[in-house]
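The annotation domain 'Tetrahydrofolate dehydrogenase/cyclohydrolase catalytic' is assigned in TrEMBL to 6-121. Residues or ranges marked as domain 'Tetrahydrofolate dehydrogenase/cyclohydrolase NAD(P)-binding' by TrEMBL: 140-284. The feature NADP(+) binding site is assigned by TrEMBL to 166, 167, 168, 232.
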Ligand SMILES: Nc1nc(=O)c2c([nH]1)NC[C@@H]1CN(c3ccc(C(=O)N[C@@H](CCC(=O)O)C(=O)O)cc3)C=[N+]21
Ligand SMILES: [Mg+2]
């Protein structure tokens with residue numbers, strides 16, 4: 001018995017299609033065009049690839065895309081000045097500053113400078129607090145994408161045992177909050193967790209977000225469980241550079257009920273949710289109803 005393979009690429013295309021329909025309606029009925037500004041500091045090649053595909057998909061759904069590329073030597077003050085201008089720009093509804101930033105800058109200073117209502121990454125402490133207290137928040141894109149996949153697969157998640165492996169601010173912690181919000185019993189495990197295998201074996205839902213290539217073997221997975229693999233690790237295999245997740249796909253797919261592949265699982269959902277968040281931010285700032293099925 002093999003697991004059902006969750007097609008994140010196809011689901012992400014469906015999400016972007018729904019975003020595009022809503023964007024077209026906003027334009028027609030209100031003359032509003034949602035705008036997303038992406039700021040890239042420095043020339044990290046992987047970041048450039050993501051920024052390019054974000055820009056392309058932003059335009060494909062009918063939104064305005066604003067790209068700002070700054071030299072790696074730019075000062076924090078200059079970056080903060082750009083953020084201030086984007087905060088004040090009524091054509092910009094979403095702001096994403098690509099992380100990581102060069103070492104001479106404080107990421108938390110920069111994130112805190114973003115208008116929380118334009119913080120489409122959901123990294124601002126206001127949004128972290130809003131999510132934790134059950135208020136309307138901007139929700140981090142990767143965990144939101146995982147939640148959408150899980151809801152699509154299971155309908156209600158109420159009462160399920162969920163184990164999140166990883167406690168990062170970007171994925172693990174917000175993922176745990178979202179699963180709690182959907183009435184799961186949530187365990188957050190990490191690199192220091194005792195008897196990690198036994199903890200994971202209890203889970204109906206496993207979200208792996210540790211950033212360690214193939215660290216979850218199939219014999220940790222309860223038969224029939226759903227495995228969501230957030231990892232994107234570049235490793236060398238037979239002299240080739242390949243992408244693998246945080247779970248050992250081959251052995252986990254033998255035991256799981258459903259599993260996300262890498263690539264083509266969570267990654268495409270992250271960008272789709274960035275567009276969904278930009279649309280949500282635009283609707284909220286204009287006092288219009290939020291898009292259904294595209295928020296937490
Ligand atoms: N402020 C900020 N927000 C981010 O959301 C953010 C960031 N900084 N810095 C970099 C990471 C990385 N990230 C990815 C988005 C999509 C894929 C994606 O679509 N991956 C595809 C293709 C992977 C490939 O072939 O390289 C997949 O998994 O199928 C991957 C990674 C967003 N990030
Ligand atoms: Mg961690």
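Start at 1 and count along the chain as shown; that gives each residue its number.
Even glycines carry a Cβ here, placed using N, Cα and C.
Unlike curated records, TrEMBL annotations are generated automatically.
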Which of these binding-site residues (166, 167, 168, 232) have a C-beta closer than 6 Å to some atom of ligand 2?
166, 167, 168
Would you mind listing, in sequence order, the residues at least six apart from residue 166 (NADP(+) binding site) in the same chain with a Cβ closer than 8 Å to its Cβ?
172, 189, 190, 207, 208, 209, 210, 211, 230, 246
Using all protein chains in view, find how many other C-beta atoms are within 10 Å of the C-beta of residue 168 (NADP(+) binding site).
17
Can you work out the mean pLDDT of the predicted model over the domain 'Tetrahydrofolate dehydrogenase/cyclohydrolase NAD(P)-binding' (140-284)?
98
Tertiary neighbours of residue 232 (NADP(+) binding site) (same chain, Cβ under 8 Å, six or more apart):
243, 245, 262, 263, 267
Long-range Cβ environment of residue 167 (NADP(+) binding site), under 8 Å and at least 6 residues apart:
173, 188, 190
Looking at NADP(+) and its recorded binding residues 166, 167, 168, 232, figure out the farthest C-alpha pair and report it in angstrom, whole number.
16
Assigned element (helix, strand, coil) containing residue 168 (NADP(+) binding site), judged by DSSP:
coil
